[in-house]
Structures are given as C-alpha cells and as structure tokens.
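What TrEMBL says about this one:
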- 26-50: transmembrane segment (TRANSMEM)
- 70-86: transmembrane segment (TRANSMEM)
- 136-154: transmembrane segment (TRANSMEM)
- 197-220: transmembrane segment (TRANSMEM)
- 241-264: transmembrane segment (TRANSMEM)
- 276-294: transmembrane segment (TRANSMEM)
- 306-324: transmembrane segment (TRANSMEM)
- 330-348: transmembrane segment (TRANSMEM)
Amino acid sequence: SQYSAVDTNPLSVYIMQPIWNKIIKIVPLWIAPNLLTFSGFVMILFNYLLISFYDWDYTASGTSPGLVPTWVWLFSAFTTFCAYALDSIDGKHARRTQSSTPLGELFDHGLDSWATSIFVLSFFSVCSRDNGKTGVSVYTMYIYLSIVLFNFMCSHWEKYNTGVLFLPWGYDISQVVLIAAYLLTGTVGVEVWQKPLLFGYYITDVLVILLIGFSLFLSFPQTLYNIHRAHLKKTLKNDSLYEGLLPLVSPLLLFVLLTVWVVLSPSNILAKQPRLFLWMVGVAFSNVICKVIICQMSSTQPELFHWFLFPLAMVVYAAISGLLGSTEEVVLGVFTALVTAAHVHYGVCVGRQLSEHLNIYIFSLKKRVQE
C-alpha cells in the first residue's frame, strides 16, 4: 500500500518544515534513510540511560537538585532536537534518494512507538516524583504515560481504518516543549519546576492539564471524526465494526492488566520500582502497536489477543494474589528484561524478513545481489 500521511499543524507546516528542508540538504545522498531513523532512536535511548544513571528512582530533582549535572539537561535538549530532526527528515531523505519502502515505514513507526514512552520517561526526571512538597506522584506518571501512548495508538488505529496517517498536532508541540523544558532546566536549574507558576499551579500541573486537554478534546475527537468521514465517503478499509475495533482489544486489555497490577500490588510495585515498571509498560505497548502497524500495512487482520497478554496475566495474578510475596520486585525485573529482549528479537526478525523479501539492505542503499 502507498504510504499516505497528512500534516495540518501550523507549527510543523510554517516553522519546522522549512528548517528540515534546510537540514536535509546537508545529508549525503549515500546515507540510507533507515540509518537516520535508527540514529535518532539510539540518541534518545542513550540519553534515557544517562538520565537513569544519575536519577534511577526519579527523586534527584526533588531532593538533591544538583545531583543531575547541568550538562546532562543540555545534552538532553540536544539529543531530543537531533532525534526530532532525524525523525522528520528520514522520509524526505527516502524520497530524495528514491528509496521509500514499506520496510522504512515500518522501521520509522515501529521505533517511534518505542521512543514515545522513552521521551516521557526521560522527562519525568525533570519534574521528579512527589516528595510531599513538589513533584508528581508515580500514579500521575503512569496515567500521563498511558495517555501519551493512547494518543499514539489512536493515530495508528485511525490509519488502520482509513489508510491515511493524520499526524497528531501533539507530536511537534510536545517535541518543542520537551526541548524548551530541558534548556530551561539546564540554564535555570530544576528549582524552576518547584515554584508555583500561576495561582498556585506548578509548570508540571499546567503541562499535565494541557496534555489531557489535547488528548481527550482534540486528538481523540479528531480521530473519531476522520474515521466517521471515511465511513460517509465509503473509503473505510474495514467493512464491519468488529474488524474496525479489533486493533483496540489488545492495547486496552494490556492497559487493564497493568492497571490492576498497579492498584492491587501488595508491595506497591509502582512506588518501589517506577523506572522498571514504566519502562516495561512502554516496551509492552510498543510490541502490541507494532503488530497493528504491520497489519495495517499488509491489510491483514490482527489477532484478537496479543501473545504477550498471557504471560503478563500470569505474572499479574501471581503478584496480586500474594503468591510472589517479597519476590515481586525481582520478578518484575526479570519479566522486564524478558519483555525487552523479546521486543528487540521481534524487531530484528521482522526487519530481516522484510529486507530479504524486498531485496534491500536495512542500513545501506546498495541493492542485494540476487541469489
């Protein structure tokens, strides 16, 4: 299927696109577009690991403001900008080098589905977790992450049904806000997040309100409207309501299972290991969404239950029933490692299969020699 995307965001159209069009000119023509996509992802991942090293339990900003060095925040602004730029020019570069392929589309959106959670998890270190005076509770973090992932899911669910990816307005705005937040933190210090901004509200409160407002009152209604419009024009990809709603089943069940674990965990797992738990949420989500993206690209039907829901359900049951007892944290650690390994393995396998099928290399524009 031909890739089709629509971008109506004024920030993107009038400010960012002209910048990307200038940057793209300096990229050598021999560089493969997937290499740009992957480099951006590696930068976000490296930055996340760097912040995690200084602030594993999300307390540094709240309790000891100087714990994360200033250069880390400035480096975060730099890597976020680079990743944003690379993610915005990879498609343009593919068209420039006449190397647009379904593999490139999948690679781009698949890595985006993972990067989305990593952006959010890095940002939580700026606002820090609740220490009684300032910060955000770990439950707010979980809800915040879920809403961002829900937004991402909506745009791909919409593409599954309409064949067109309407780029959400929130994307460009969130990237610019993130870069600004890191620059602010690097120049002024984390204290800026710990003083009320307006009427006793903190900047973090304002951002949470904005995010929820954007998601529930702009993005989601827009998604439903676009699907409704396709229905009226008779351009919907799926005839039945069952087929249309099918991709939502696994992500929603995933959210239900994770929320049950968060709420009923005997050892309060989210408060004990917020970084591990939220990372696991992001990886699990990315894997579920990658399946939807593949189904949408290949016009196939996703299975009702993603395989991952079964081991997760077993772990959640063992945790909340008290079977795990004091080993709950250890089990979460092992489970998170396995899920991450499974997701990476899945990505590598799909990439290799597609590169063989399409007779191209993932990271090179050279053509494969026919066997």
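Each position is counted from 1, following the chain as shown.
Placement of Cβ uses the backbone N, Cα and C atoms for every residue, glycine included.
Heads up, TrEMBL stuff is auto-annotated, nobody curated it.
Taking pairs at least six residues apart, the transmembrane segment (276-294) and the transmembrane segment (197-220) share fewer than three Cβ pairs below 8 Å and do not count as touching. At the 8 Å Cβ cutoff, the transmembrane segment (197-220) and the transmembrane segment (136-154) share at least 3 close pairs (sequence separation 6 or more) and count as touching.
Counting residues 6+ beyond its ends, the transmembrane segment (136-154) has Cβ neighbours under 8 Å at 58, 112-113, 116-117, 120-121, 124, 127-130, 168, 170, 174, 204, 208, 211-212, 215, 219-220, 223, 248, 251, 255, 262, 270-271, 274, 277-278, 281-282, 285, 289, 292 in the same chain.
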